[in-house]
Amino acid sequence: MSTSDDIHNTTATGKCPFHQGGHDQSAGAGTTTRDWWPNQLRVDLLNQHSNRSNPLGEDFDYRKEFSKLDYYGLKKDLKALLTESQPWWPADWGSYAGLFIRMAWHGAGTYRSIDGRGGAGRGQQRFAPLNSWPDNVSLDKARRLLWPIKQKYGQKISWADLFILAGNVALENSGFRTFGFGAGREDVWEPDLDVNWGDEKAWLTHRHPEALAKAPLGATEMGLIYVNPEGPDHSGEPLSAAAAIRATFGNMGMNDEETVALIAGGHTLGKTHGAGPTSNVGPDPEAAPIEEQGLGWASTYGSGVGADAITSGLEVVWTQTPTQWSNYFFENLFKYEWVQTRSPAGAIQFEAVDAPEIIPDPFDPSKKRKPTMLVTDLTLRFDPEFEKISRRFLNDPQAFNEAFARAWFKLTHRDMGPKSRYIGPEVPKEDLIWQDPLPQPIYNPTEQDIIDLKFAIADSGLSVSELVSVAWASASTFRGGDKRGGANGARLALMPQRDWDVNAAAVRALPVLEKIQKESGKASLADIIVLAGVVGVEKAASAAGLSIHVPFAPGRVDARQDQTDIEMFELLEPIADGFRNYRARLDVSTTESLLIDKAQQLTLTAPEMTALVGGMRVLGANFDSSKNGVFTDRVGVLSNDFFVNLLDMRYEWKATDESKELFEGRDRETGEVKYTASRADLVFGSNSVLRAVAEVYASSDAHEKFVKDFVAAWVKVMNLDRFDLL
C-alpha cells in the first residue's frame, strides 16, 4: 500500500505517481459504463458496421469488383487446393473436402428464420464468437488454407462468398452435382453485435427444445451450430434427439425432408476427429497467445495433427468412400446393427457391431475400421417420421441427391434475400418459394404518370396519418439480417400481412389505393402504396411551412399469393414496432430495447431512428390511432413538436400502472394531464445518448433540419428492398 511519502518521493523525481503501478492504461480499459449499468440500452447496436471500420472505403462496389473475377479460374484453384495437403494440417485421405463442407455448413448454419440474423452472408465466421465456438474447432485451419486463394483474387471475391463456394467446389470435386451458386455476400469488418446467441455464461450449456421455440436461438447448446451430436445433454439416446433436431433445423426454415437430406449429405464425406482426450487441446483462437497468429486449439496429443487430430472429440467415419459421393450413409445406417461405444476421447458414439472393417483409415492405407455413426445420425433410423424419409432415400438415391442439392442451396443462400441479389454465372434459373419471388415488372410509369397518381392520392380523402401509416406498414417489414420483407411486392395486401393486428388501421386505406391502381393502370399497387407515403409526407411538410420533394423511385411489382409462403411471412410479424407505438407482448424484453431491435433490422442509425419516431408521432401514425407520444396540437403537420414538448420541464411523467408501459405527462403547476406516452416515446428523453440527439431536433433552429432528416430516413426505409437501385 502506497503512503504519502511514496507519493512525495515519486513526485520529487519528476515521475507521475499514478503511472507506476500495474494498472492497464490502454484505451477502453477499466470498469466500463456497462459494468455499472448492465441493463443500459444498446443504442450502440445502431452504429456497427460503419465505414469507420471498413478498410475498402464507402465507394467500394463489390458487385462491380466481382464482375472482374475469373470465376472458373477461381473454382479451378479451389479444386486444386482440395488435394494439396499441407504438413501443418494434413488432409484426411488427401482431401480437404469434408473440412471445407463443414466450414461452409457451419458458416451458413447460424441462420435463424425467426429474426433473420446469423448466416453466412457477412463472413462472420472470421470473428468472435463464431471463430472460437466449440463447434467450430479446426475451422480456423480451413480458413487459413483458403488464404493464398483469397490473397490471389483480392477484393474480387469476398471471404463470405469464398467460404460457401469452397463448400460447393468440395462437393462437386467429390462427384456431387450441386444446385448452383449465387455470389453477392459482402464482407463486414467487425463482429455482429446484434445477434442474440443466448444468455448462458458457459459453453455447451444445454437448452430444452421447447425453449428454442420461444427464442431466436438456433442451437440446443451455447456454442453449437445445431444439436449435441452425442444426444441431448450427452444422453447418448438417438430417439430423444429427434425433438432437438426438429427444433433447430425448423428454426432455419427446414422441414423434415430437408433435415434428413442435410444431415445425411453432410455426413457422406469426411470424418470427425477425436484421436485423444480433449484435455490436450489448447485455447481457442480468441484466447490463444499472440504468436499463434489467429489460430487456436493447438494440441499436445502426439503430433497434434493428421492421425492425432482432435476436434469434436468424436472419432466417426460414416462411409466407405469418404472423399467420393455415395449412398453409403443410408446403406450403412439400415444394413447394420449399432451399439453404443466411446471414442478415444471418451465421447459417446455408435459402431456397427456386425459390420466388417470396410472403412479406410485417413492416413494409413493398410488399416481399416468398422463404420461408425453419431448418436444423432441414428435418429434418422429410429424416429418414425425421419425413418420413412431415410428409407425412401435409401431406395432412391437420385431422390436423395436432388433433395440434398436443393437443401444445401437453401442452407447456404437462405440469408441472402431475393434472387435479384445473386450474382455470378451459376445462379439457378428456377424461382424458389423461400426466396420470396417476385414477378417481372409490367408497369413503367412516366414522370407525368407519377404526377397524376400523386394528385389522385391527394384527392382520395385519405388523411396524412392514413397515407403515412399504409406506406410504413408495407415497407417496415424489411429485415437487414436476411433481406426479407419490404414494400416491393405489396404483400401488405396479401395473407398473412393484411390480417396482422399491427396493420389493422393501415389496411383500411388499401381499398382506396387499389381503386386508384385499377383505374389508372399506370403503376403497381406496391408503387402506389409507397407513393401514398410520399404524398402524406409532402402534405405534412407543406402544412408546416416547408416545400419539400420526397424522392420516389418507381419499379416495384405486385407479388401473388402463390408466391408468398404464409408460414415464413408470419415470422415477419412484429411483436413490437416502436415507430407505430405497437407492442403485442410484454414478456419479451423492454419496449425501448425492441425499438432498438426494430431500428437495427431497418439498418437505421440512432439519429435516423430518432427523426422517424418524432415524425411518425406528429403525423399521427400510431397503429391504433392512439394519442400516446403525440406531443402536438397540430396532428398531420411535420413539426419538431415531439421533441420540443418531450424535453419541456413544465411536464412531469408518471406511470399509469405497475407495468410502467404507459405514462401521463402532467403540468407541474396545475396537475392537468397534457400528454400520454409509451416507453418508446419517453426513452428519447431518458436515455442520455438519444436525448442528445433529441435536443438537436428540439432546438429553435432545427425544424428544417429535422424535416430533411426525416425525409431522408423515410426514403431509406421505403427503398430498403430496392436492390435493383444499387
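Positions of Cβ are set from backbone N, Cα and C atoms, glycine also.
Residues or ranges marked as active site, proton acceptor by Swiss-Prot on the basis of sequence analysis: HIS106. Cβ neighbours within 10 Å of HIS106 (active site, proton acceptor), excluding its own Cβ and spanning all shown chains: 22.
The heme b binding site annotation in Swiss-Prot covers HIS267. Neighbour count (other Cβ atoms within 10 Å of the Cβ, all protein chains): 25 for HIS267 (heme b binding site).
Residues or ranges marked as region 'Disordered' by Swiss-Prot: 1-33.
According to Swiss-Prot, the feature site 'Transition state stabilizer' maps to ARG102. Counting Cβ atoms from all protein chains shown, ARG102 (site 'Transition state stabilizer') has 24 others lying within 10 Å of its own Cβ.
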Cα separation, HIS267 (heme b binding site) to ARG102 (site 'Transition state stabilizer') (Å, whole number): 9
Euclidean distance between Cα atoms of HIS106 (active site, proton acceptor) and HIS267 (heme b binding site), Å: 13
DSSP three-state assignment (helix, strand or coil) for HIS267 (heme b binding site): coil
Structural state of ARG102 (site 'Transition state stabilizer'), classified by DSSP into three states: helix
